[in-house]
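Structure first, then comments.
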Amino acid sequence: MTAAPTEYSPRVSRGAYLRLGRELMGLAWKRVPGRVVLVFGLQAVQVGLTAAIALGMRSTVNDAIQGRAHSALVAGVVVALACTSSMFCTSLVGGSTLYAVEKTALLDLMPQVHRDIATLEGIEHLERTDVLDRLTVVRTGMWMLMFGLFSAVRVFFTVLQLGVTLLLLGSIDPWLMSLLVFAGVPLWWERLGKRGVIRAETDTAEQVRLQRHLFEVATTAGSGKEIRVAGSGTEIARLQRAAFDEAVEGRYRALVRASVLKLAGWILFTLGFAGSLWLIVYRAAHGHGSIGDIVLSITVATTLRTALQGTVSESSGAAQAGRVIAPYLWLRAYVAEERARVQGTAMPPETLSEGLVFEDVTYVYPGTDRKAVDGLNLTIPPGSVVAIVGEYGSGKTTLVKLLEKFYRPTSGRILVDGTDLAALDTDAWRARSAAAFQDFGRFKTVFSHNVGFGDLPRLEDRAAVQAAVADANAQELVRRLPQGLDTELGTETGGVDLSEGQWQKAALARASMRTSPLLFVLDEPTASLDAPSEQEIFERYMVRARSLSRRTGAITIIVSHRFSTVAGADLILVLADGKLVETGRHDQLVDLPGGRYADLYGLQAAAYSAS
Ligand SMILES: Nc1ncnc2c1ncn2[C@@H]1O[C@H](COP(=O)(O)OP(=O)(O)OP(=O)(O)O)[C@@H](O)[C@H]1O
């Protein structure tokens, strides 16, 4: 399935911002209504308190000068109370905002993104760098989405506060309102700088991911062994440094530019502020206005600066959210587009009667132009055991992935009993298939669940898990575990670790949980096992394949490099460069003069007899 190239723009339209804001506010209201009321109510109160403090200061000074001690005292107490209340409001608003942000981001938004990505039909999404880049940004900055919303609310109230202070200044002298111009420009410049930083972070996300990956490669035990043997540690460290250097360089330049813009803005505001102060003092010196007016002007001008600072920092908070909003909206659009493209609703048959038909199937991985599977035409009869062989990179796994609907053919189609696989309901089709892959999962949980995940509805069915364990010839492994089936796996969680071969046996047992699949795939599932274990397992699975075949007409597909294991298949497919070059049974292919299968078989047989 080649994903539609959803266009990405780091700029988000005003309409999209507003729609998202409404949606997030609805979410916060649903999850933490009390906190939302508190955050809105207290900020409105704070605006009133700002005016009360400024006017109270003027009254205190004027009353004191005119000898009205009692009134001056009352006004002073009002100012003190208003100051204390304002501080209390600030800390309560901060705490409530944090609580609301964490609740909604961690309990709603984050799980939703995980669910969206994890339930997309194919797996090529997890191989696309654009999806991964944006996912990285969203995963690390999801809380910023909600934080940005609350910052936007605070911007609204700080602007209101700014308006009130300007009105108070204007009541003394309308010229003082010109401070707004000196206040607005720094705000705008700072936003420009922030935008540049956001752009630089998005542009360098790939290098950051690469350096993280290289760091993990260099510091984990699995790859650490190979790195030591190959002596490639220094080179990997150099590559990691180079990737990091590139990312840091780009981000640093943007940060310097943002700092310069911020500094220039503040210089401008300071000049305006100094000019205003001069005007107020000049007026008072020439008999216009009282001493209280001077105090009021200085208080209000200082408040204006605080309100402005608040507006700038809150609008930066809101702008920070822009870093996440664009990738977040893109991921949502991408998921919606993908879901709309997937229209399979037909149910798979109870039993296979016609089998699988490949009609000119071609697959090209996104971002490449090489055909991993190239014009495949083929019929696989129901109930058959099919082996796919071929050199490394010949397209064996891709073929299997197409059958599991991890990808959709770039062209051509696959029919299941005459129905296009694309038209089948993906979940229903997968529920009728079972698979063990070479890059199997290692679920660090209790062993019985590790196996039971193969058929979720029977996760707790001990008998089913034990039967699957027996199918994979893993009883001895379970016997040796300290708590048998109930043993916790994974040293990170305090459990035991398994060897590569033991993990592989667990994966095989998992693949054996479903008892009536229509498709059973074994994609090199025994590569980590020794030769006798492999032989024994294949013999068991051959018996299982025949029994499934009788019950549901199931097709078993085995991908293997070892010819001894594929000789018993009903049909062998030989792939080379994505093309089907030979098909037939072992006895037909092995004697084909100049045949590729015969060549490969001859080489392997010679290698075994020489060893
Ligand atoms: N996710 C991917 N993105 C791009 N190209 C890929 C991807 N996976 C595989 N390919 C390419 O597609 C071709 C077929 O790969 P595939 O894994 O199907 O081969 P294979 O026969 O299973 O190989 P192996 O025996 O090594 O498992 C190879 O050229 C491979 O490099």
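A Cβ is built for glycine as well, from the same backbone N, Cα and C atoms used for every other residue.
These figures come from a predicted structure and were not determined experimentally.
The feature domain 'ABC transmembrane type-1' is assigned by TrEMBL to 37-320.
According to TrEMBL, the feature domain 'ABC transporter' maps to 356-602.
Within the chain carrying the transmembrane segment (36-57), a Cβ under 8 angstroms from the stretch's Cβ atoms is held by residues 25, 28-29, 75-76, 78-79, 82-83, 85-86, 89-90, 92-93, 96-97, 100, 150, 153-154, 157, 160-161, 164-165, 168, 292, 295-296, 299-300, 303, 307, all 6 or more beyond its ends. Marked as transmembrane segment by TrEMBL: 36-57 (among others).
The transmembrane segment annotation in TrEMBL covers 77-101 (among others).
TrEMBL lists 142-160 (among others) with the feature transmembrane segment.
Look at TrEMBL and you will find 166-189 (among others) tagged as transmembrane segment.
For the transmembrane segment (260-281), the residues of the chain that approach it from at least six positions outside its boundaries are 169, 172-173, 175-176, 178-179, 181-183, 185-190, 192-193, 289, 293-294, 297-298, 301, 305, 308, judged by C-beta separation under 8 angstroms. Marked as transmembrane segment by TrEMBL: 260-281 (among others).
Residues 51, 54-55, 261-262, 264-266, 268-269, 271-273, 276, 279-280, 283, 289, 293, 296-297, 300-301, 304, 308, 311-312, 315 of the same chain lie 6 or more positions beyond the ends of the transmembrane segment (166-189) yet place their CB under 8 Å from a CB of it. Averaged across the domain 'ABC transporter' (356-602), the predicted model reaches a pLDDT of 88.
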